[in-house]
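*Asks:* If you scroll down you'll find the structure; I have some questions about it.
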Protein chains: 2
Amino acid sequence: MLYLVGLGLADETDITVKGLEIVRKAERVYLEAYTSILLVDKDKLEAFYGRDVSMADREAVESFSDGILAGADKVDVAFLVVGDPFCATTHTDLVLRARTLNIPTKTIPNASILSAIGATGLQLYNFGQTVSMVFFTDTWKPSSFYDRIAENRRIGLHTLVLLDIKVKEQSLENLARGRRVFEPPRYMTVAQCARQMLEIESSRREGVYGQDSLAVGVARIGAGDQKLVAGTLTQLCEADLGPPLQSLVLLGRRTHDLEREFMAEFAVDLQVFNEVWARDYEGKQ
Amino acid sequence: MLYLVGLGLADETDITVKGLEIVRKAERVYLEAYTSILLVDKDKLEAFYGRDVSMADREAVESFSDGILAGADKVDVAFLVVGDPFCATTHTDLVLRARTLNIPTKTIPNASILSAIGATGLQLYNFGQTVSMVFFTDTWKPSSFYDRIAENRRIGLHTLVLLDIKVKEQSLENLARGRRVFEPPRYMTVAQCARQMLEIESSRREGVYGQDSLAVGVARIGAGDQKLVAGTLTQLCEADLGPPLQSLVLLGRRTHDLEREFMAEFAVDLQVFNEVWARDYEGKQ
């Protein structure tokens, strides 16, 4: 059996009791290490599980999945995924590959940012489609997120923006020379995301959102030191939420007063927050 | 401290290791028992936790929250919620009430249907807002879900439909006479949901979806006997997915071939599924 085991969001104790039993009994244990990260090191996981854990990077999962699946028709293999196993396409691929090899699969769900984002106090019913924000370069500033946010905003919905992480990336030079030398990992911050959002708005000028649009930044949701900051996009350009992982929610106009009340606690500047809320959000449908 | 502890979706072992430690140490333990249910009895939870668990119904949480919060500035109180704690508004209320009493709160996230629905193979990025479907009566057939689905469908997105549960409901007669006698619990099935959806389409006739629109029904996600069925709404009107809890996803036209490939395994009738897919979904944006 191939088990896809969700690890939750913060540390080694966020695995479920059911998931932990599977990890402890499995013949081999892999950790998917490129779509998200836990906030603790692999050593800590291994000590807690009492098991060796093999790191599976994108290459391993996408090109060598048969190695991961080898023998899984007879023995149990656990494939650990940060958050919930079905939040990334790659894992769907792995399950499909297992099917063609007649290997049964079972998924152990866990917390995902898609529901844990409720910690902002924003109602999950009021969210539209989720978008991703990648690191811009001087020559590559993809703005498809802007069209998706436009669709959400037109019908008044909040948008969860998931922020890029770069692990095990090679520089163009090292890639060209075939050197397996990797850059240090990079994790996008709420401030970078807010700046990139405003950059695209100033180039496309469709008024999908603006400097005064309200947003909430979150960092390390589910961890002891989780941090939330609510304010305008301009304010969030200067926000420092500390270490990764971070995400951002851009508010839609279809809000509930309970949302305001809950978020007020996280406001960078309560007066500004309340003024913008009253002017642009309150009572809008 | 008030801990809101997510229990996940299926049974007693879906709690996280972190959550279980909190439950075992807390002074008092409550189980929220009206927005969702686990698939196991309270006895089983109590045996597994080694703790007595008090059932908290809607009345207790909404009207007597101060009883739940009593002393939580000095001792630890655990409030258990099926799924993820922030998926229902009521829990936001409880946290706000705790804040006004200067009681610190901490949330332990867990799996929610919002991400576990990825077990259908549908990409979570392609979902719009989530809607709820309540039990219709002869005189009350609220159709606001139809407007929300219309918004999602217009931009090509999938819609997760959460199905009504009725626990501890009183008949009008018992309510009028003040008798605390409760009806047996009721849980909506995928078939009932599909029928109600088609009923509203035939009365409103806006062509938001039709008899041939593709949908996936799911039951007991995360449990050993989870069941998925994909087909047209007409086919799902006859689907039997067994015991609760059940949910339904209505597909949007913005699909990926990986979604078709994954769902094909659950098709009521693969030929019909593939024909409708090729005609109405494939390659649409």
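Cβ coordinates come from backbone N, Cα and C, glycine included.
The S-adenosyl-L-methionine binding site annotation in TrEMBL covers B:Leu9, B:Asp84, B:Ser112, B:Ile113, B:Leu163, B:Gln246. Residues or ranges marked as domain 'Tetrapyrrole methylase' by TrEMBL: B:1-236.
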*Asks:* If you count other C-beta atoms within 10 angstroms, which of the binding-site residues B:Ser112, B:Gln246 is the most crowded?
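*Replies:* In terms of Cβ crowding, the pick is B:Ser112.
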*Asks:* Give the residue from the binding-site residues B:Leu9, B:Asp84, B:Ile113 that has the most other Cβ atoms within 10 Å of its Cβ, counting over every protein chain displayed.
*Replies:* B:Asp84
*Asks:* Name, in order along the sequence, the binding-site residues among B:Leu9, B:Asp84, B:Ser112, B:Leu163, B:Gln246 with a Cβ closer than 8 Å to any chain A Cβ.
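*Replies:* Cβ contacts with chain A under 8 Å: B:Leu9, B:Asp84, B:Ser112.
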*Asks:* Which residues in the same chain, at least 6 apart in sequence, have a Cβ under 8 Å from the Cβ of B:Leu163 (S-adenosyl-L-methionine binding site)?
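*Replies:* Once residues fewer than 6 apart are set aside, B:Leu163 (S-adenosyl-L-methionine binding site) is near B:Ser132, B:Met133, B:Tyr187, B:Met188, B:Thr189, B:Val190, B:Gln192, B:Cys193, B:Leu245, B:Gln246, B:Ser247, B:Leu248.
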